[in-house]
Structure formats: structure tokens, C-alpha cells
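Below: one structure, written as C-alpha cells.
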Amino acid sequence: MTAALRGLYAITDTPLLAGGKLLPYAEAALIGGARLLQYRDKSGDAVRRLDEAQALAELCQRHGATLIINDDLELAAHLGVGLHLGQTDGSLAAARARLGADVVIGGTCHAQLELAERAVAEGASYIAFGRFFNSNTKPGAPAATVELLDQARTRFAQPIVAIGGVTLDNAPGLIARGASMVAVIHALFAADSALEVQDRARAFAALFD
């Protein structure tokens, strides 16, 4: 279950990918080498979210990547794909029981090893720490340090995701300190074209070679 949990973890952003960019930009990230793709949409438009998630699931299957749904157990269960839960998004243990042993489920742990311990105990496939740098998506999130990665790497067998303001410039330091994956939104998708997204994804993926 965790063999492929290494490399670029692309996360979508609805406002950033408005105007028909979602699918072409997501596919560009996958072509460039993203191993995980998280569909993150906080709107209440259930019909659109289902349509978009289904389309993304097909893209991930085509490119050998894993789709993760943010904070929607029902949608993840309906599509048979992965799930990411924040601290207020419901029980990870319940999600594991619902989705089964083989589905990838991740948990947000902010900057706290104790939260990671709980996530692991409840069946998390990976543990996500951050924000490590200033983040456009969650500017008020608690800050994490690279020392936290050192501690997490020695304490947990699960893959570690670093998130929050990650760029091509600062990602190598996170990887060197134990990040199995770097989760990227703006540094990947705030681009003028799908080709630019593909080039950025390829550059991020190369950091793990």
C-alpha cells in the first residue's frame, strides 16, 4: 500500500484551477510525474464535485497514479479511491473501516507528533506535517520545522508528507530531512499553461531520483 507513496503529491485548488483548467492541468501534473493527486474542493456543489472527481479518477488510472479525495468519505467510498482527513474532518479509524485495508488514507498532523501517533494508530497510510513555509492555502496553519521531520522519520514507519509553501527551491531540504512526499499546490498549478505545469511537475519529481 505504501510502495508508491513517494514523490510529488499534487493538490488541486478550485479557485486556482477555475475556467476549465482543472482536468488539463491535473493531467499535466500526472504526465510530469505526480504520484498522488488530491482533489480538494470545499464547495457544496455535490454534482460538480462528483463529475470532477470521476474524471480525475480516470486520469489517475490512466497514468498509474493514486487519487485522494479531501474530506469526503462518501465520495471516496463511492469512487473506491483514497481519502485525506484533517483534524476536524471525521474519524480516520471509521474511514479505514469503511474503505478497507488497501485504500490510501492520509491524515493532517500539523506540527504535532502526538497527532501523527493517533493517525498511525487509527490506520493512516501516510502522515502529513506542515505548514513548513508561508502558505497561500492555509496562511494561519501552525508552523512546522525540519527538526520535526527528523523526529518523525525515526519514530514512524509510515511515509511522511511535507506541505505548506513548498517550492522547487525549498523542497530538497524537506526531502533530505525525511519527507517521502512533498505536497504542492501553487508552486505547481499557478501556471500560465498545462505545459508549464508538466515541466514543474517533472522538476519536482526529479528531486526524488
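Please read every residue number as a count from 1 along the shown chain.
Even glycines carry a Cβ here, placed using N, Cα and C.
Sequence annotations record features per position, and here Swiss-Prot assigns 4-amino-2-methyl-5-(diphosphooxymethyl)pyrimidine binding site to GLN38, TYR39, ARG40, ASP41, LYS42, ASN70, THR108, LYS138. Around LYS42 (4-amino-2-methyl-5-(diphosphooxymethyl)pyrimidine binding site), a 10 Å sphere centred on its CB holds 10 further CB atoms from the protein chains shown.
Per Swiss-Prot, Mg(2+) binding site is recorded for ASP71, ASP89. In the structure as shown, the Cβ atom of ASP89 (Mg(2+) binding site) sits within 10 Å of 16 other Cβ atoms. DSSP assigns ASP89 (Mg(2+) binding site) to coil in the three-state reduction, placing it in neither a helix nor a strand.
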Quiz item: Which one of the binding-site residues (GLN38, ASN70) has its C-beta surrounded by the most other C-beta atoms within 10 angstroms?
Solution: GLN38
Practice problem: Indicate the candidate from ASP41, ASP71 with the smallest number of other Cβ atoms within 10 Å of its Cβ, considering only these binding-site residues. | Solution: ASP71
Quiz item: Once near-sequence residues are set aside, which residues in the chain of ARG40 (4-amino-2-methyl-5-(diphosphooxymethyl)pyrimidine binding site), 6 or more away, have Cβ atoms under 8 Å from its Cβ?
Solution: ILE11, THR12, ASP13, THR14, ASN70, ASP71
Exercise. Any same-chain residues 6+ apart from TYR39 (4-amino-2-methyl-5-(diphosphooxymethyl)pyrimidine binding site) with CB under 8 Å of its CB? Would you list them in sequence order, or say none?
Key: THR12, ARG49, GLU52, ALA53, LEU56, LEU67, ILE68, ILE69, ASN70
